[in-house]
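According to TrEMBL, the protein has these features:
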BINDING   R29, D85, E86, S87, K127, G141, D142, H220, S221  substrate binding site
BINDING   H98, H123, D124, D253  Fe cation 1 binding site
BINDING   H194, H220  Fe cation 2 binding site
Amino acid sequence: MKVDMGPDPSLVYRPDVDPELAKSKDSFRNYTEGPLLDRVFTTYKLMHTHQTVDFVNRKHIQFGGFSYKKMSVMEAVNMLDDLVDESDPDVDFPNSFHAFQTAEGIRKAHPDKDWFHLVGFLHDLGKILALWGEPQWAVVGDTFPVGCRPQASVVFCDSTFQDNPDLQDPRYSTEFGMYQPYCGLENVLMSWGHDEYLYQMMKFNKFSLPAEAFYMIRFHSFYPWHTGGDYLQLCSQQDLDMLPWVQEFNKFDLYTKSPELPDVDSLRPYYQGLIDKYCPGILSW
């Protein structure tokens, strides 16, 4: 069954991107007008209305047992091809190709870090949530901490949170909300989406990857932190030490979209070898 999930807002709307780095002035995360912007705005309006402490906690309960499916990583990669974006005329190839493109970009730049190659390959696997009926606003888009007031660099911050009930709750509507200063991001409840799901799934299945990999997976859509420079008041020293790794990963996630398609069949054995090394066998999803 094909599922039309629409464009990932994190990848099509990026007002803070350096245009010199993008492939053209109207490309990566740089839409400022037109029907796609309307669609992206609607997604963020829904996200910023419904992503609350209660909602996120319920999603952790719903998916935290990882009882939806038993399959290997490569089977999950193949499942990504059931997610189609009928609204994006620039992407007419399977979603799984982005996994190979991102991984190959990292492999060229960091040939000695095979775990980093695997992160590029894995990073979007949480989008299979859409195949289990989750709406787009609970799968893709920029992430942010719930349980405290959203900070200035959260996308559409000033125009999308008016109906979020947490901001009417004194426990959650201050700068720190339910958190202590410098409590560490491991103690922060992030909005629910493909990042958080995959991070929790990797912990549950005991992936033998370094801490940097887990940070990249959990926070690659946390643009208000790694690009906007916000939420530092919640960060521990470890978070600050890991931030450059998340930023390094993000370069490849955004800028490896290319019409030159990788030869997936020739690359598959290499990535299967990495899967066998770090996260082998049939896993719980």
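Glycine too: its Cβ is placed from the backbone N, Cα and C atoms.
Just so you know, TrEMBL annotations never went through curation; they're auto-generated.
When Cα-Cα distances from D124 (Fe cation 1 binding site) are compared across the binding-site residues D142, H194, H220, S221, the shortest belongs to H194. Looking at H220 (Fe cation 2 binding site) and H123 (Fe cation 1 binding site), their Cα atoms lie 8 Å from each other.
Using a 10 Å Cα-Cα cut-off around K127 (substrate binding site), the binding-site residues H98, H194, D253 reduce to H194. A simple way to gauge crowding: the CB of D142 (substrate binding site) has 26 other CB atoms within 10 angstroms, across all the protein chains here. Fewest other C-beta atoms within 10 Å: among the binding-site residues H98, H123, K127, H194, that description fits H98.
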